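Feature annotations, courtesy of Swiss-Prot:
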| type | residues | note |
| --- | --- | --- |
| ACT_SITE | LYS33 | active site, proton acceptor |
| MOD_RES | LYS33 | N6-(pyridoxal phosphate)lysine |
| BINDING | ARG118, MET283 | substrate binding site |
| ACT_SITE | TYR237 | active site, proton acceptor |
Amino acid sequence: MSLIKIDQKAYEYNLRHIAKKIGSFQRLICVFKDNAYGHGAKLLAPLAKNLGVSFVAVKSEEEAQEIEEFFENILILSHRPHGNENSRFIYALNDISQVKKYKQDIKIHLKIDTGMHRNGICVENLEHAIDLIRSSDLKLTGMFTHFASADEMDGSFFVQKENFQKAKKIVKKYFSNLLFHSHNSAALFRGKIPEDEYCRVGLVQFGYGDSNLKKVLSLYAHRLSQRILQKGQSIGYGGIFTAAKDMEVATYDLGYADGLFRYNGKGELVLGNGKVMLGKMSMDSFSCENSGEEICVFKDADIWADFFHTINYEILVKLNPNIQRVLV
């Protein structure tokens, strides 16, 4: 069966490196949404906890329930209120119209739209939002925003930072001891994080976004069969690849049903061991030169992202949660 190996030492190294940058593990919010970006939330949760992480963020209540035994604080980022929220969790308030839809006495973090224009309340409407929250039974415990272009060298990042500072100044007139967080993975290494803020880290905790970090995930497949592909013979659907000489090939147990982008046989898709995929990828398998019982498909998602003209996030989060994940 195909296998995902999670490098425990690399993950712990990354968290220590990030915590040093932030100042402490206590100011660190690990984002574990979408199965920890494909890495395996339940597998990584105890590692983060043992290092001192007490706050994580996830997408949904279902994701929160999977790891609630490990963390004191869990923020749910993409919740649609239904009136039966769990007091164990913290919920992001993404739209002011949601205030009356939440269960009473639920803890919330108010999302501020500082310029991304995706979710949140704009700074101009913050006073009105505060009035509604204060007249409700919700417990405002934090406020946050998300930077749209922290990884790009333009002025929008600084505009958003300034807008969030304005929002903090307003909300502090009405509430004390709120938890603020604005810096994400891309913003982490772009200067000093404000002393009154936590930092949300997503893909950076898994080794992407900074050259000083170590990749955590590697994907492996196992051999299903092997054969001699004779000169002039083709392999796979459509016969895209034809052998120029006799060669020993093998088929491995990983395909596009496992969450991989479908290789169409055009161009050279280099695998983790330096071999190239031969012919079109099938639903549950692919072929290449025989590489033994186990083959590394990739150790760095950037290589596949570049080949398929996408981002490393998409390569990783698509990995099927049914693929076994193990610590190494």
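Backbone N, Cα and C define each Cβ position, glycine as well.
This view paints the features noted in Swiss-Prot onto the structure.
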residue : record                       : contacts (Cβ under 8 Å, 6+ apart)
LYS33   : active site, proton acceptor : ALA57, VAL58, LYS59, GLU63, LEU77, SER78, GLY202
ARG118  : substrate binding site       : HIS146, ALA148
TYR237  : active site, proton acceptor : GLY279, LYS280, SER282
MET283  : substrate binding site       : GLY255, TYR256, ALA257
